[in-house]
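Positions annotated as ATP binding site by Swiss-Prot: Gly170, Asp171, Arg172, Gln173, Thr174, Gly175, Lys176, Thr177. According to Swiss-Prot, the feature site 'Required for activity' maps to Ser363.
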Amino acid sequence: MAQIKADEITKLIRSQIENYETKIAVDEVGTVMSIGDGIARVYGIDKVMAGELLAFPHGVAGIAMNLDEDQVGAVLLGEYTAIKEGDEVKRTKRIMSVPVGEAMIGRVVNALGQPIDDKGPIVTDKFNPVERIAPGVIDRQPVREPMATGLKAIDAMIPVGRGQRELIIGDRQTGKTAVALDTIINSKGKNLICVYVAIGQKRSSVAQVVKMLEDNGAMEYSIVVVASASDPAPMQYIAPYSGTAIAEYFRDSGRHALCIYDDLSKQAAAYREISLLLRRPPGREAYPGDVFYLHSRLLERSSKLSDKLGGGSITALPIIETQAGDVSAYIPTNVISITDGQIYLETDLFNSGVRPAVNVGLSVSRVGFSAAIKAMKQVGASLKLELAQYRELAAFSQFGSDLDKATQAQLNRGQRLVEILKQDQFQPLPFSKQITIIFAGTNGLLDDLEVKDVRPFEKALYEYVESANPQLFRTIEEKKALDDAIKADMTKTIKEAKERFLSDRKAAKAGA
């Protein structure tokens with residue numbers, strides 16, 4: 001029989017007592033009282049914070065939105081069908097955050113920052129809160145650097161600056177997304193990180209956008225955040241905030257970011273759905289009372305930081321879809337009053353072949369002109385004036401047939417100016433080319449061309465300058481202003497290009 005050694009047992013017990021650690025895991029938990037339509041009512045978590053992340057069973061997260069006296073109304077971010085009444089809910093004691101950093105570039109993520117592009121996990125140890133207070137007045141500086149879109153109609157007459165919020169507004173199928181995507185493509189090599197947030201769109205449409213960005217080499221500096229039409233309303237509601245949080249990382253590191261929200265009408269509809277399910281009192285058009293704050297707190301985060309904070313910026317291009325051109329509806333008027341201007345796209349212009357279909361009369365940029373380069377201001381000011389006069393005369397000329405020579409000449413020039421502002425999709429132009437063709441139009445150098453020949457001539461002009469006088473484009477880019485010598489050189493080159501173009505046309509007709 002084995003002998004029991006008391007000293008060994010004592011030694012063993014002593015070592016176990018010495019190494020004993022008293023660990024008590026304390027979680028604040030509540031109970032699901034009712035669940036349905038992506039909304040859970042939870043009892044027992046009295047000390048929860050507004051907007052706090054809650055842990056539900058089966059790995060589903062929720063956000064505490066309604067803090068009532070005896071219960072908490074939470075919205076669920078994911079598949080909630082497996083959650084049932086009586087399930088346990090834990091507090092996480094943290095506000096929702098998304099992963100940020102260099103690893104996000106080139107990726108397609110959902111509203112929680114999780115990758116959905118089958119390219120593996122995103123490896124980063126940096127996180128930004130989804131909701132964040134916008135920079136204060138002292139932390140900002142005025143908009144003074146241009147943010148080129150590559151579109152003649154916008155860069156010349158409605159310029160956008162870094163740190164600006166410029167609304168793109170119009171009916172469905174007027175080219176709103178195309179304007180935003182042209183801006184992304186034009187940002188190549190300009191030290192700009194682009195964040196495209198797709199809210200409530202068809203997945204096929206988003207896949208098309210991603211494919212187009214890849215084909216144009218734009219995914220190398222872009223991030224796509226997706227909350228599609230099939231995602232729960234809470235995901236569509238937080239997607240723009242997640243996109244901004246991702247962009248803020250680049251702004252805070254002294255770089256420049258562009259945020260496109262496509263579109264905020266669907267985010268407002270998702271927020272209305274959540275609010276009505278949470279039994280918040282409805283207001284105008286059934287939207288809750290704080291729907292203005294929904295968009296203002298989002299768009300105020302786009303800013304140009306002071307040099308002391310690194311001088312980084314976020315430029316916002318929110319998109320709003322109108323119904324039958326009604327810009328006086330609730331959400332459009334809200335966002336117009338928050339932003340620094342709007343680009344209004346019109347169905348009639350789009351259908352008549354004017355693309356981008358920018359209505360220059362209703363579009364405005366409230367701060368962009370202080371950011372525009374001098375050369376663009378020089379040609380853009382006269383362009384806007386001549387187009388305004390043309391529209392007035394065009395409306396007037398419908399009533400009378402006998403027009404004097406001056407009026408007829410102005411109408412003819414207006415037709416050519418409308419023609420030079422047309423541009424093919426995904427063909428953004430550098431400032432130098434835009435300035436050259438607008439200079440030609442506003443100085444009457446295209447008046448003797450047929451209207452149908454204006455666009456073919458524009459293409460021929462760029463080719464001629466690049467082969468015969470490439471220094472012209474370089475000089476405009478470097479000096480950023482037009483002096484008499486540059487104007488004389490431009491006039492001479494444009495006239496030479498026109499002579500060659502007309503002689504080529506004549507020869508082609510003779511040969512035919």
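Using the three backbone atoms N, Cα and C, a Cβ is placed for every residue, glycine included.
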Exercise for the section: Within the same chain, and leaving aside Gly170, Asp171, Arg172, Gln173, Thr174, Gly175, Lys176, Thr177, name every residue whose CB is within 8 angstroms of the centroid of the CB atoms belonging to the recorded ATP site, in sequence order. Expected result: Glu321, Leu345, Thr347, Phe350, Ala357
Problem - Secondary structure at Asp171 (ATP binding site), reduced by DSSP to three states - result: coil
Problem - Integer Cα-Cα distance in angstrom, Ser363 (site 'Required for activity') to Gly170 (ATP binding site) - result: 11
Practice task
Give the sequence-ordered list of residues that share a chain with Arg172 (ATP binding site), lie 6 or more positions from it, and have CB atoms under 8 Å from its CB.
Solution key: Glu321
Fill in the blank from the handout: Fewest neighbouring Cβ atoms within 10 Å among the binding-site residues Asp171, Gln173, Lys176, Thr177 goes to Gln173
Problem - Among Gly170, Gly175, the one of these binding-site residues whose Cβ has the fewest neighbouring Cβ atoms within 10 Å - result: Gly175
Handout entry: Assigned conformation of Ser363 (site 'Required for activity') - DSSP reduced to three states
Key = coil
